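Here's what TrEMBL has on this protein:
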| type | residues | note |
| --- | --- | --- |
| TRANSMEM | A:12-34 | transmembrane segment |
| TRANSMEM | A:41-61 | transmembrane segment |
| TRANSMEM | A:67-85 | transmembrane segment |
| TRANSMEM | A:105-126 | transmembrane segment |
| TRANSMEM | A:146-170 | transmembrane segment |
| TRANSMEM | A:199-218 | transmembrane segment |
| TRANSMEM | A:238-262 | transmembrane segment |
| TRANSMEM | A:269-289 | transmembrane segment |
Amino acid sequence: MLLLQQIVNGLMLGSVYVTVAVAFTLTIGILNFLNFTIPTLFMLAGMVGWGLAYFGLPFGLSGPLPWPLALAIGIAAAILCSLVVERFTFRYLQTKYGDSTEHAIPLVSSLGFLLILENLVRIAYGGDAQRFPGPSGDLTAEFGGLFFRVPQLVSFFIVLALIVGLAWIMRATRIGRGLRAIAENPDAAAILGVETGRVVPMVFLLTGLLCGLAGALFAVNYGEVSPQMGEDIGSKAIAGMVVGGLGSLWGAVAGGIVVGLVEILTVHFFGADAVQVAVWGALLLTLLARPQGLFGHNAIGKGKL
Amino acid sequence: MSTPILSVENLSISFGGLTVIDDVSFIAPEGGRVALIGPNGAGKTTIFNLLSGVYRQDKGHIRLGGALIDDAPSRARIGLGMARSFQNIRLMPHLSVVENVMLGQHSRADRPGGMWAPLKLFGRSPARDEAEALLADMGLGTWPGQEVATLPYGIRKKIELVRALAARPRLLLLDEPAAGLNGTETAELMAFLDRIAGTGVTLLVVEHDMSLVRSLCDTAVVLNFGRKIYDGPTAEVQKDPQVLEAYLGPRHAGEDAHVA
Amino acid sequence: MSGYWAGLLTLLAINVVFAYGIYLAVAAGQLNLGGAGFQAVGAYAAAWLAFEMEMPLAVTIAASAVVTGVVGYLFAFPILRLKGVYLVLGTYAFAEVVAGVILNSDSLGGAMGMPVPTFIDWQVPVIAAAATALLCFYLMSTRFGLVVRAVHDDDLVADLMGVNVPRIRVIAFGIGAALAGLSGGLYAHAYSFVEIQNFNAALSIYVLLYVLLGGAQTPWGPFAGAAFFTLLPELLRAGLPALTEMLSALLGKTGVISTPDESWRFVILGVVTVLMMVFRPEGLITRAAIERLTHPRRRAKDTAVEVTE
């Protein structure tokens, strides 16, 4: 029963990884761009949310804000930053080099943004972990002897709804068709009348939304935020994406859950210190033995660096 | 008759069930100038990629100077005497002119002494002198130190040929050497190719410009949909009914049309 | 020499060696985002030999390079089959696995770290940095260096020119790993202590940025990049507290939270990175720039010829 309970915990944890992994896989699948700002956007939503709930608006415009409002603004900040990243990485490149598959330069730019955002947050709010003044995470519900924490359960279903919605957007809408056309071949998509300049920012908007939401949910669920909170989640999400297969939406979902389970079970059987080796070892073995992952196809990410 | 420098025997390859090259055979005699022509999609560049080992044939054999090279990896073929140029110039953009030519020497220099001896650090080196001499010899001695990306298209085209020559090949594969050149540049290139052929190098040329083919090559191999439809003197190629049909469609075949 | 300058010089020298290690891989077209892992292998090799085996300094420093070189060489065979994003992720994962293994091995001190008995002052790192720079300048001036650059530009054509592309990549990666390991060995002895938490993903990012921002076209690039970003915070020391106060005021933050000073350095590194990728993605020092500096007149003459052509 204890093991079953651990598996439930792994699923819950996995759902946070899933959200961030989906953001990673979306940018890689469509733009062939490994966006290292993703973990930072996750952190930004949580930290800005905390800052607003603790200090209030800048210039002393208000006292501390209620936490749901604070988190909503945090998510908006993540989306905004994501669009700024688009402006400086992808859009600029396309106009200058006309080669949107040359992904080394945006990758390096995104490393630059990672440093800027994370360290600005550190300067603004300090490097320490902070307690998030949200609802109590201890609210639990029991089903058949298994315990579920209510905020986690709510998060789980929000994530589920979000991903089903995303899959629907990709399949059924004009924007989704445009995005898939760009994923197949950016140049051909432009010729076929896909307005890349309008559609590409959508990827970043979705990325910001996914990461911001994940960061907000994390803040509520675990009651703690820190400038480093993105690093761990980011690496687990990358691992999930690789295991699932780069560029595959459902692969990222499956991979994120697999990584969540691997983590919880590793802690259960070998202790917390072994997690890093287990997760990254799984990633490395996947890369070496089956680079396309569980669901991905081989064409993505093999561009010239 | 002496052994032909290149002999292609019953070569076939298909991609995903689509036969791109179908049972093609031809030879290039030592010192000959052979044109490989045909409409778009006939499989000319595919033949080049098979010859240089980028693709592997499903069936058939390739002999270079009589020796089978079917199993030679792509990187070994230049050392066996076969160098090539590319349809769109593929010089190394961040290497200087002379460095690109030195890269062409690589197949002759890839041994420990050649690999780890400096090319520039302490003054000059034999490899660099040789490359600069070759460039000067070909009338390109003006820009040895400049990055190739900064030079005009016609010049880069020639440098690519000199890079191939630096390997001292017996057979030179030229993929549309005149593509993208204007009239004057084409005339210059022709004179350039004449000089190269004059040194005894066998030329195998893919080209669309028929006047260039007629003046440069003595024999032509015509491909259509991956099959060989003509193999003979360049002078006769335009009279062949099958070739006319391939280029102009069946209804023109009887007319006295010129192949473009 | 005062302690301040000695410390700065030591840090600079270690960063330069480290940057050259990553540079060799990048020059052959491989983004190595696992630098911290290779440095950690070297640092722990030296620390373990010095602390547990009581080996002399010469042996531990040499071993840090050799052990890491062998590890890098063996790792390169499978990993360099990967390209693009996959290779970046693979090297990143390597560093994480190394950190995880060290964290879990009691004989290497685990999370507690390990003391390193023999202390070195600034002289040894500086000599090592000079030797490393010379080695890299020499390597890049040979046919090997030419071929490395060719592989970076166009690996397919390099192959058709007769270059054994996988071999060149593995050798460049392996030598680079050895240098990164050497920087780890120097680190271990210069700071008398190794702690795996210091060899984190952020370090891998910084060193890769030093190389890319300095410019990977010539061996001047990594030196310029490492020097610039090591010395930058020292130059900025005066202006930073004012900036910090401004930001705090903007956010309505009260004085209870202390700000880590280091952070500004990385903000600036980030801003420079973004701007460089926009305006000069090939890095600060390019081959063309050096050509212009060393042959200004020949260049002018060439341009004239080009116009009449």
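Cβ atoms are placed via backbone N, Cα and C, with glycine included.
Nobody curates TrEMBL annotations by hand; they come from automatic prediction.
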Exercise for the section: Answer yes if the transmembrane segment (A:146-170) and the transmembrane segment (A:67-85) have at least three CB pairs under 8 Å among residue pairs 6 or more apart in sequence, and no otherwise. Expected result: no
Completion exercise
Tertiary contacts of the transmembrane segment (A:105-126), defined by C-beta under 8 angstroms and 6+ residue spacing from its ends, are 31, 33-37, 39-41, 43-44, 47, 50-51, 81, 85, 88-90, 93, 227, 230
Exercise for the section: Could you name the stretch, out of A:12-34, A:41-61, A:67-85, A:238-262, with the greatest number of CB pairs under 8 A to the transmembrane segment (A:199-218)? Expected result: A:67-85
Exercise for the section: Would you confirm whether the transmembrane segment (A:12-34) and the transmembrane segment (A:67-85) meet the contact rule of 3 or more C-beta pairs below 8 angstroms, pairs 6 or more apart in sequence? Expected result: no
